[in-house]
């Protein structure tokens, strides 16, 4: 590429809102809705089993735990093949199909519980989990193709903040929806909004700048030059042997599994903890359960900025920045959880503060690992 043109492109597009930002916003909203549909059962089951309601379900704690965990039975199945499928088929088509399935199944859950009991609810949640297994691998692929190196952490943090805001928004609104219109309305609302997002993404979403019909030539060249490729991207063979014999890679698996276990255990059980241990009503439950995820969403912006700023200004290496971010994301929540176990029983304020700290600091894992993977290995996401 001509160096003068490259310089002009760089100056013009770094600060402007372009099609790459449209893709980032769409993926942010998609992740927000997907994580909302993942979290909605956590608050809905509180209303469904509330004995003060006329039509409640007398499910044991064991049955409730099975229902809450059933999403993840399906979710784990396609994690590895989904990444390869996203590379071969394209991330946008997989996300579109996943969101369409999740939206449809969400609408069917009230019918499932009425006609098939908790077993059919579990089946619906397994199906949602199976389809959502494609979302994060596909988003990693799309970030690798759309985000310039200089903007990768910021755009990645924006996109992945959708999971925190999705959890928070869902928990807040679900409590009020259940109180006003009953718990089935939670699933109907999720299904309708998810269907609307799917329709919009079909028209505006794209696998890459090369395949987009609405991107300008200069912005496309800016992204390509930043990623070190101009024209059609090269195809790389997946180095499976090197991957599975790499100690750093295996350490990342352990790291991510540990974070996910703690994070999703808290998300699925927190509303039940608020109801049964702290004794709060459904509306207050939703608000209090949402506070930790709002805190995580707010922290995603300074964390995203700092993980770009520190290496760009040569204050820390990229590796040191990622390790620092991950350390904050693990040691901080661990200390706060230990403190929570020693807090006074029934003290709502202390419990809310400590749970907010626990969840909020998990953002360090997002900027330390989730954003770092597509940034380091963007050439393989083609």
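Just so you know, glycine gets a Cβ as well, placed from its N, Cα and C.
Record features, source TrEMBL:
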{"type": "DOMAIN", "residues": "22-382", "note": "domain 'Major facilitator superfamily (MFS) profile'"}
{"type": "TRANSMEM", "residues": "21-47", "note": "transmembrane segment"}
{"type": "TRANSMEM", "residues": "59-78", "note": "transmembrane segment"}
{"type": "TRANSMEM", "residues": "90-112", "note": "transmembrane segment"}
{"type": "TRANSMEM", "residues": "183-204", "note": "transmembrane segment"}
{"type": "TRANSMEM", "residues": "243-264", "note": "transmembrane segment"}
{"type": "TRANSMEM", "residues": "290-311", "note": "transmembrane segment"}
{"type": "TRANSMEM", "residues": "323-342", "note": "transmembrane segment"}
{"type": "TRANSMEM", "residues": "348-373", "note": "transmembrane segment"}
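Within its own chain, the transmembrane segment (59-78) has Cβ neighbours under 8 Å at 38, 41-42, 45, 48-49, 118, 121-123, 125-134, 264, 268-269, 272, counting only residues six or more beyond its boundaries. Panel annotation: around the transmembrane segment (243-264), residues 72, 326, 329-330, 333, 337, 359, 362, 365, 369, 373 of the same chain, lying at least six beyond its termini, place a Cβ under 8 Å from a Cβ of the stretch. Per-stretch counts of Cβ pairs under 8 Å to the transmembrane segment (21-47) identify 183-204 as the leading one among 90-112, 183-204, 290-311, 348-373. Stretch with the most C-beta contacts under 8 angstroms to the transmembrane segment (348-373), considering only 183-204, 290-311, 323-342: 323-342. Counting residues 6+ beyond its ends, the transmembrane segment (290-311) has Cβ neighbours under 8 Å at 150-154, 156-158, 160-161, 164-165, 167-172, 266, 270, 317-318, 321-322, 325, 352, 355-364, 366-368, 371 in the same chain.
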